[in-house]
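Undergrad: Following this message is one structure expressed as structure tokens.
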2 protein chains.
Amino acid sequence: MKEKLTIVKVGGAVVEDPAQLGALLDGFCRIGGRKALVHGGGRRATQVASRLGIESRMVGGRRITDEAMLEVVTMVYGGLVNKGIVAALASRGVSAIGLTGADMDVMRSHRRPVRDGIDFGFVGDVDRADAKRLSALIEGGAVPVLAPLTHDGNGQLLNTNADTIASEAAKALAQAYDVTLVYSFEKPGVMADADDPTSVIPSITRADFERLTADGTVAGGMIPKIENALAAVEAGVSRVVITQASAIGTDAGTVVH
Amino acid sequence: MKEKLTIVKVGGAVVEDPAQLGALLDGFCRIGGRKALVHGGGRRATQVASRLGIESRMVGGRRITDEAMLEVVTMVYGGLVNKGIVAALASRGVSAIGLTGADMDVMRSHRRPVRDGIDFGFVGDVDRADAKRLSALIEGGAVPVLAPLTHDGNGQLLNTNADTIASEAAKALAQAYDVTLVYSFEKPGVMADADDPTSVIPSITRADFERLTADGTVAGGMIPKIENALAAVEAGVSRVVITQASAIGTDAGTVVH
């Protein structure tokens with residue numbers, strides 16, 4: 001039987017608010033067994049860029065990353081946010097280790113090609129996560145804290161979406177572990193009634209998803225989110241949990257499996 | 001017999017110049033066996049701080065680190081400089097892992113107390129380096145790349161002198177390894193004649209040092225540098241090499257032993 005591993009992805013809005021981050025990390029500490037954390041930090045990057053006189057340009061929610069912006073995200077994601085989380089986990093007795101994809105070559109990517117006339121710049125699409133090196137760290141007692149940065153193997157760091165980092169790490173590690181991938185979300189889970197927080201759907205399979213989209217219960221931005229969760233499950237991840245940051249470490253939320 | 005381990009400390013002037021950094025990393029790659037790198041980055045921190053409208057204040061060559069400056073050094077040392085070096089080493093086939101003292105709790109410090117009316121702010125004086133965790137990473141095939149940041153164990157990151165990080169890591173690891181500590185320097189080594197680069201003194205012991213200071217051959221800023229090297233040797237480090245960055249990976253320079 002495989003050992004359990006929980007990978008929690010937490011977005012920028014939570015990591016940038018000390019109170020919310022503290023609560024998230026307390027919840028993360030309550031998760032038993034092997035675990036890893038993946039963080040964003042986009043809002044903080046936008047703030048620092050703005051103070052440096054660098055404008056943030058987004059296309060479809062993704063950041064255009066020219067050389068100046070790559071320096072900003074390397075500083076903010078790899079330094080400020082990552083090391084802040086590592087030190088906060090260390091104070092809670094967790095042997096955290098901050099990583100970008102370049103560290104021990106754990107995640108490699110290629111620069112996204114220009115498509116439909118849009119050049120995202122130094123943005124990486126993931127080629128592979130190195131499950132062997134990640135699991136060696138985990139088996140050594142460390143808790144990886146992954147920043148949304150990868151590299152191309154030729155010395156170039158690349159800005160990479162944190163959701164993608166989380167799902168690529170989860171899929172690669174699913175070969176060796178019984179992986180639960182947790183996405184922290186602004187709502188308590190997938191809700192049957194968008195206005196009723198008590199209407200969380202506890203469990204969604206592929207068949208449920210088809211029924212819920214056909215009858216209109218699930219619509220809009222939830223569709224790609226659940227599609228991505230089902231894709232991770234179909235690639236070997238045992239379950240994907242969509243839940244509120246404040247509920248990390250509990251059984252609340254929607255389980256996609 | 002202990003395995004050999006080489007720890008190279010490289011200062012800000014080298015890491016901030018891409019050509020010099022490239023040459024340094026090429027030299028570092030030529031060093032056989034187990035190794036680690038410690039880097040500075042002060043000039044880059046001063047630049048970024050200045051662009052953010054934050055003034056750098058130094059006392060006795062050390063940076064006063066208030067909260068805003070701590071954010072800057074966390075970004076610059078932990079992110080920009082550290083991850084740039086890690087990615088550059090990865091492109092040379094080295095399995096580098098970037099670390100602050102908070103990562104896996106490898107180096108803990110306490111905030112420097114106010115002394116003679118000078119409050120350095122968030123500056124850490126090292127209490128201990130964790131040789132066991134560092135050597136576990138090294139024995140796993142990783143090359144630690146240490147940023148000049150430590151933590152106090154209570155969630156507080158602290159700015160810490162890179163020379164100190166290098167000597168504390170070297171002293172702790174000397175229990176398990178035959179350690180060579182290399183300080184990259186702007187000159188080819190300790191010179192008998194300050195104006196003659198061919199006058200490098202190849203070897204200095206405590207007895208040599210006493211003779212060289214008594215006759216005035218060694219003076220000024222070289223005295224504390226050699227004192228620190230001798231202190232590391234007396235604490236178990238096999239030898240300390242003072243050499244030019246461009247000579248890393250060769251036998252050039254002054255060996256203090």
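Quick reminder: no glycine exception, Cβ is built from N, Cα and C everywhere.
Since we're looking at a predicted model, the values are computed, not measured.
Not my notes, these are from TrEMBL:
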BINDING   B:G41, B:G42, B:R63, B:N159  substrate binding site
DOMAIN    B:4-243  domain 'Aspartate/glutamate/uridylate kinase'
SITE      B:K9  site 'Transition state stabilizer'
SITE      B:K225  site 'Transition state stabilizer'
Undergrad: Would you identify which of the recorded sites B:K9, B:K225 has the most other C-beta atoms lying within 10 angstroms of its C-beta?
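TA: When each Cβ's neighbours within 10 Å are tallied, B:K9 leads.
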Undergrad: Would you identify the secondary structure of B:K225 (site 'Transition state stabilizer') according to DSSP, in three states?
TA: helix
Undergrad: Cβ distance under 8 Å to B:G42 (substrate binding site), same chain, sequence separation 6 or more: which residues?
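TA: Listed in sequence order: B:G12, B:R63.
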Undergrad: Cβ within 8 Å of the substrate site centroid (B:G41, B:G42, B:R63, B:N159 excluded): which residues?
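TA: Going along the sequence, the neighbours come out as B:G12, B:G40, B:A45, B:T46, B:T65, B:V73, B:V76, B:Y77, B:P148.
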Undergrad: Tell me, what is the mean pLDDT of the domain 'Aspartate/glutamate/uridylate kinase' (B:4-243)?
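TA: Here the predicted model's pLDDT, averaged over the domain 'Aspartate/glutamate/uridylate kinase' (B:4-243), is 95.
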Undergrad: Looking only at C-alpha atoms, tell me how far B:G41 (substrate binding site) is from B:K9 (site 'Transition state stabilizer'), rounded to the nearest Å.
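TA: Their Cα atoms are separated by 12 Å.
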Undergrad: Roughly how many Å separate the Cα of B:N159 (substrate binding site) from that of B:K9 (site 'Transition state stabilizer'), to the nearest whole number?
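TA: Pair distance, Cα basis, whole Å: 16 Å.
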Undergrad: When you measure from the Cβ of B:N159 (substrate binding site), how many other Cβ atoms are you left with inside 10 Å?
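TA: Within a 10 Å radius of the Cβ of B:N159 (substrate binding site) lie 26 other Cβ atoms.
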Undergrad: Give the maximum pairwise CA distance in Å, whole number, for the residues B:G41, B:G42, B:R63, B:N159 listed as binding substrate.
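TA: Roughly 12 Å, rounded to the nearest whole number.
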Undergrad: Could you give the Cα-Cα distance between B:K225 (site 'Transition state stabilizer') and B:K9 (site 'Transition state stabilizer'), in whole Å?
TA: 13
